[in-house]
Amino acid sequence: MNSTRIGNLSLAPGQRPKIIVPIACASPEEAVDAARAIGASSADMAELRVDVLSETDLPALLDEIRNALAGKPLLFTFRTAAEGGSEVTPERYLSLIQTAAGHDGVDAIDIELASPVFDEAMKIAGSKPVVASFHDFSATPSNKEMEAKLRKMKEAGAQIAKIAVTANSPVDVARLLEVTARCAKDFCVLTIAMGKDGAVSRICGQAFGSVATFATIRDSSAPGQLSLEDTQAGLDQFDL
Ligand SMILES: O=C1C[C@@](O)(C(=O)O)C[C@@H](O)[C@@H]1O
């Protein structure tokens, strides 16, 4: 079926996109504080950017974040250096996915398609929903390339196929949206054009079939992210 569940949320193309707010801070105390703010806000879900965190007892922090989120689902993400995050060995990446897969405070796991251990990571994620991902911080690849990546994620078993690319012109945004609409007929996609030109892509998901978007309360985790309030107001315009 062309819809999926993460925690208590149902996501589907054509519905109002769910708003995910990143927790992207180094200090574990600040991360719990940010989770509390997200729990009390109108955001739908949180994303813990584990690559931004300083060394910590991760399972214990996940316990605290789960409580602070007060029932809102958590997406667990380790963004690698190749895609705008931090250095990590393949072994450590897998061990982080293992921690996420075994923790009841994690509702979905981000796994990078380009990871050398993508297949193993998909297996380790087990029954947790996977948001497979690809990021390009300099350009928007060809339509063919973007569509091939999204379809590969879906075929590998991801519940949501996500790409975030950099729009260097309005045409780049239009190309991403065309690919989004084509794939959204078949499965759940989450697409974002990063940067100033791409900002519109963060609010028009309902029209093109993207199932979620990222917005900030405190810490931004990517270029062009809008505030939670602006994102909500923008989504309202497309929720007819
Ligand atoms: O993949 C994404 C999308 C994102 O890069 C954005 O552009 O909003 C923000 C990241 O935190 C998240 O993991």
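Even glycines carry a Cβ here, placed using N, Cα and C.
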*From the candidates Arg66, Arg92, Arg202, give the one listed by TrEMBL for the same 3-dehydroquinate site as Glu47, Leu48, Arg49, Arg79, Ser221, Gln225.*
Arg202
*If you measure every Cα to Cα pair among Glu47, Leu48, Arg49, Arg79, Arg202, Ser221, Gln225, the residues listed for 3-dehydroquinate, what is the largest value in Å?*
20
*Using Lys162 (active site, schiff-base intermediate with substrate) as the reference point, find which of the recorded positions Arg79, His135, Arg202 has the shortest Cα-to-Cα distance to it.*
His135
_Candidates near ligand 1 among the binding-site residues Leu48, Arg202, Ser221, Gln225, judged by a Cβ under 6 angstroms_ = Ser221, Gln225
*asked:* Cα-Cα, whole number of Å: Glu47 (3-dehydroquinate binding site) versus His135 (active site, proton donor/acceptor)?
replied: 16
*Give the three-state DSSP assignment (helix, strand or coil) for Gln225 (3-dehydroquinate binding site).*
coil
